[in-house]
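TrEMBL annotations:
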- 208-218: compositional bias 'Basic and acidic residues' (COMPBIAS)
- 462-471: compositional bias 'Basic and acidic residues' (COMPBIAS)
- 20-447: domain 'Major facilitator superfamily (MFS) profile' (DOMAIN)
- 203-222: region 'Disordered' (REGION)
- 452-477: region 'Disordered' (REGION)
- 21-45: transmembrane segment (TRANSMEM)
- 61-81: transmembrane segment (TRANSMEM)
- 88-106: transmembrane segment (TRANSMEM)
- 112-139: transmembrane segment (TRANSMEM)
- 177-196: transmembrane segment (TRANSMEM)
- 262-283: transmembrane segment (TRANSMEM)
- 295-315: transmembrane segment (TRANSMEM)
- 327-347: transmembrane segment (TRANSMEM)
- 353-375: transmembrane segment (TRANSMEM)
- 387-406: transmembrane segment (TRANSMEM)
- 418-441: transmembrane segment (TRANSMEM)
Amino acid sequence: MFRGGAAGRGAAKPQDQGWAWMVLLAAVVLQALTLGFPCCIGVFFTDLQHEFHASNSETSWFPSIMVAVLHGGGPLCSILVKRFGCRFAVMLGGLLSGLGMVSSSFCKSISQLYLTAGLITGLGSCFSFQAGVTVLGYYFVRWRTLANAVASTGVSLGFTLWPLLSQYLLDEMGWRNTFLIFGGILLNCCVCGAIMRPIGSLPQPPKPGEEPGSRAEEAQLSNGLPPPHPALQQHARRTTCFQVLQKYLAFDIFCQNKGYQIYTIGVTWMMMGFALPHVYLVPYAIHNRVEERRAALLISVIGFINIFIRPLTGLLSGHRVFTGRRIYLFSLAVLLCGLSNFICVISAEFRVLILYCVILSIAMSGVGALTFQVLMDVVEMDRFSSALGLFTILESITLLIGPPLTGLLVDITSDFRYVFYTSSFFLISAALFMGLSFCALEKKNKLREASKVPLSNPSRYPHSETPRDPQAESQAPPAVVYITSI
């Protein structure tokens, strides 16, 4: 991993100045290219259905796999970054993303799209995005919060521009040539990765063909000691595997920390319905005789409003007034997302859909800005990276199965309104579950504290039942941070 300081003594530190701002610009472009890209898939939904004679459920597997891999590949990206560095991971991701979309332009069946655009492009986008966010933690110290807020505007830019570009290219040259062009555009992730030059030096990886424990064994032999028994070697490998899982997937936190448990279950359930409007809004509008160009504009409206509302929401929620109460703001934003879906059910006129997009975008801004702030409130920072690994893996599962199951319901009923009914059910129920559960947990903790001697330095993690180490938080190095497109 990158060193925090300069390469030599007495050299000026590169953080927060000079080339760091070029890295920030590259991070903005990366987020627009990767996180913003899946939002345009709905533009091609109808054409892909006609091309491959596929049902709604079959077609929706393609964006579902892409988004699920983009979210769930975080732990794999973390391992890649620790071994080879952020620059390598970003450029590898760009190559995979471009290769996936170029291959997609030659697909002969919808199932081939699952592999090319879904798995390969999704995994490449995950590598580029996650590593691009991680490198900001090394280039920015004083202005790290500002840097992350500025970088997140790339998501909104992608939401705004990708649908408009997709509809234009689709009208001019069809979906196959459009996917081919998209492959070339996504290769620009490699350019962004080239800008992200490392700070200091990387740890040397083991030589090709060298087993992970071979150096220790060589040291044993050189000291005249016999090699360990094969049974002990196998036990050591199992222990190492368990330690790796414990490092990147914190099951112990899930079992011991009630706040993390409630929040993870609530967000995982919420994701069953959160992505449905992004996948089905454009097909729903086209189905109700809205012109294709105007239907694509709906997603761009959501992205454009996010550019302004999302950073503002993040800054306001970071105020000390909301400390310990951000979970309730988050639940309120999720509830508003669920209630806004009923606007689509009332009418599918373009003016009504524009109103729906405005309200949905405001609510989505709150969800996106608060997701990881709430997680930081319930988990100590020295375990944040591993807690986030499990968090993203679980939410990726429901992101994967949500759209296809809803598409199956639409195929059976031939009514797109069930998309928004389903989305509202999951969002509203998740919001009520998280809000009420945290309220009950807070009352339980207050009663417990009232029966004990008051502490002179109460924990800043009010929803956790595990002890905290304040020194571990202050000394924690920049971690590989997984950020989703929500």
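Note that Cβ sites are derived from N, Cα and C of the backbone, with glycine treated the same way.
Model, not experiment: these values are computed from the prediction.
Sequence-distant contacts of the transmembrane segment (353-375) (same chain, six or more residues past either end, CB-CB distance under 8 Å): 152, 155, 260, 263, 267, 274, 277, 281, 285, 290, 298-299, 301-303, 305-306, 309-314, 317-318, 326-327, 329-330, 332-334, 336-337, 340-341, 343-344, 384, 387-388, 391, 481, 483-486. Ranked by Cβ pairs under 8 Å to the transmembrane segment (262-283), the stretches 61-81, 177-196, 327-347, 387-406 are led by 387-406.
Counting residues 6+ beyond its ends, the transmembrane segment (327-347) has Cβ neighbours under 8 Å at 263, 270, 273-274, 277, 281, 284, 317, 353, 355-356, 359-360, 362-367, 370-371, 374, 377-378, 417, 420-421, 423-428, 430-432, 434-435, 438-439, 463 in the same chain. Within the same chain, the transmembrane segment (387-406) packs against the transmembrane segment (61-81): three or more Cβ pairs sit under 8 Å, each pair at least 6 residues apart.
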